[in-house]
Amino acid sequence: MYFSWSWLFWPWFVAVALAIYGLYCLSKHLQGKASIFEQLAVVTSAFTWLTLVPPAHFNGYLQGWPFVFFFIYHYFFFFNVSVRRRLYGDYYARPHDPKWDIDPPKWQRLLFCVGVMLGHWLAAFEGPELHLIPGGWTNVGVWILILSSLLMQYISTLYLAKYSEKVVVPTEVVQFGPYRWVRHPIYASTVLLFATYCTALQAPLSLLFVTAVCLLYYDQKVKLEEAVMIDTFGERYLEYASKVKYKFIPLVY
């Protein structure tokens with residue numbers, strides 16, 4: 001294993017400092033006082049500890065896929081912000097009916113975050129050393145999965161925004177694009193992205209773990225969301241749910 005005093009002292013210092021600053025910015029965000037830069041610091045800190053720190057810790061160095069996914073995660077999770085920019089000309093969320101702020105209890109959200117983080121650390125531990133992961137054409141499948149998750153997220157968010165007020169409040173039951181195959185393609189694309197990270201690092205057990213964590217959490221979340229959708233749209237949503245039977249994975253679940 002490669003060892004470097006610069007890695008021991010400098011990058012760990014940077015990673016820990018970024019984590020502390022990210023937690024500080026998160027506290028401001030929860031109070032509604034965080035600037036755009038501070039919101040970006042929160043996600044950058046989280047993605048650093050998801051994609052860069054685990055493989056760096058277990059390998060002693062970084063190369064290849066961790067860097068790729070660090071940037072892909074940023075691009076992926078900022079799609080909804082880009083949609084706001086496209087619709088309103090800025091990045092700020094609009095006031096809306098709070099009944100659409102649907103989330104499971106805090107303890108479930110916390111367990112989900114811990115589970116996703118643990119899944120990424122397990123992938124870095126389970127997979128081979130980074131320099132042993134082949135490059136070139138052998139990674140075509142991984143790139144196809146990455147592009148699939150990005151396209152699914154973008155198209156699903158765009159269709160949802162077209163039939164919503166303020167990108168949050170739906171005005172119609174969306175049945176176009178990816179919504180023809182699964183009822184919750186945005187969550188499905190997130191599961192696919194995390195699974196692709198584990199696939200890239202050649203960590204099959206971690207892939208199963210992080211997929212299970214996501215499906216258990218999102219299953220609880222969509223139960224709450226679909227109850228509100230039925231309450232709002234009635235028979236229209238029930239008819240859609242009977243037609244599109246799968247929540248996340250076509251022909252599976």
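Backbone N, Cα and C define each Cβ position, glycine as well.
The transmembrane segment feature in TrEMBL is assigned to 6-24, 36-58, 64-83, 110-128, 140-161, 190-218.
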CB contact flag for the transmembrane segment (36-58) and the transmembrane segment (140-161), at least three pairs under 8 A: no
Positions on the same chain near the transmembrane segment (140-161), where near means CB under 8 A and six or more residues out: 65, 72, 75-76, 79-80, 83, 87, 167, 170, 174, 176-179, 185-186, 188-190, 192-193, 195-196, 199-200
